[in-house]
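For reference, the structure discussed in these notes is given below.
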Amino acid sequence: MASSRSVVLRVLVAVAVVAAAGAPCVVVADSPPLQDICVADLRAATSVDGFPCKPAAFVVSDDFFCDAIVQAPSTRNPFGVNSTRATVSAFPGLNTLGLSITRTDLAPGGLNPPHSHPRASELVLVLSGEVMVGFTTAANRLLSKVVREKELFVVPRGLQHFQLNVGAGNASFVAMFDSQSPGLVTPTFALFATQPPMPMEVLAKTFLMGEDEVGAIKSKFAGF
């Protein structure tokens, strides 16, 4: 009779084989780097999924430094929001590291409209004020919470989410992403401010509106 140890071992091996056969491949936001550093060569003519590496002889310390999010940007716009992004395009040292960060400032009542990041999850750290952060699931469930200074809230990859200043004064937060280029899709712009324009019939049928009503909405986004 086989020992209990050998039986357990056989079960573990069987489970591993079944899991390997039926489970999808592990997916991460960005592929892991293949070398210590790969500073983005933003001027390279070759187009790849990301950026090619700058020649090592031309890499300098400032490639790994960025002060893009130091200054508070103006929030004088209809949404009362402004985001300053430190993605690989502005911070070449991030290339292949699977990281980026954004600073967002909100005026009182300001809203970072519903949007998604197709290539990254988002970790929100509130720097000041009170910010309602929420996201919706594929089952159309809303999960939200008012987040205060030094508190965190995480938004899973690809889900629609928003940030709303619910405090009396200005608010700011940083959003950290597990991708050097998380992408940004804002449905209002993707529907009403595309070039060329989204067909009027598509919008009217989608929102169960007349074309005149759709036209009124589109006019509000003409300058974006």
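Note that the numbers count up from 1, one per residue, in the order the chain is shown.
Yeah, the Cβs are placed from backbone N, Cα and C, and that goes for glycine too.
Keep in mind that this is a model prediction, so the values were computed, not measured.
Here H161 (Mn(2+) binding site) comes close to P114, H115, S116, E122, V133, G134, F135, T136, V155: these same-chain residues lie at least six apart in sequence, with C-beta atoms under 8 angstroms from its C-beta. Look at TrEMBL and you will find H115, H117, E122, H161 tagged as Mn(2+) binding site.
Other Cβ atoms within 10 Å of the Cβ of C53 (disulfide bond) number 19 in total over all chains. Look at TrEMBL and you will find C38-C53 tagged as disulfide bond.
Averaged across the domain 'Cupin type-1' (67-215), the predicted model reaches a pLDDT of 96. If you look up TrEMBL, you'll see 67-215 marked as domain 'Cupin type-1'.
Residues annotated as signal peptide in TrEMBL: 1-29.
Listed binding-site residues: H115, H117. The one with the lowest count of other Cβ atoms within 10 Å of its Cβ is H115. Cβ neighbours within 10 Å of C38 (disulfide bond), excluding its own Cβ and spanning all shown chains: 21.
Between the alpha carbons (Cα) of C38 (disulfide bond) and H117 (Mn(2+) binding site) lies a span of roughly 24 Å. There are 23 other Cβ atoms within 10 Å of the Cβ belonging to E122 (Mn(2+) binding site).
Note: the CA-CA distance between C53 (disulfide bond) and H117 (Mn(2+) binding site) rounds to 25 Å. As a summary of secondary structure, the domain 'Cupin type-1' (67-215) carries 22 helix, 57 strand, 70 coil according to DSSP.
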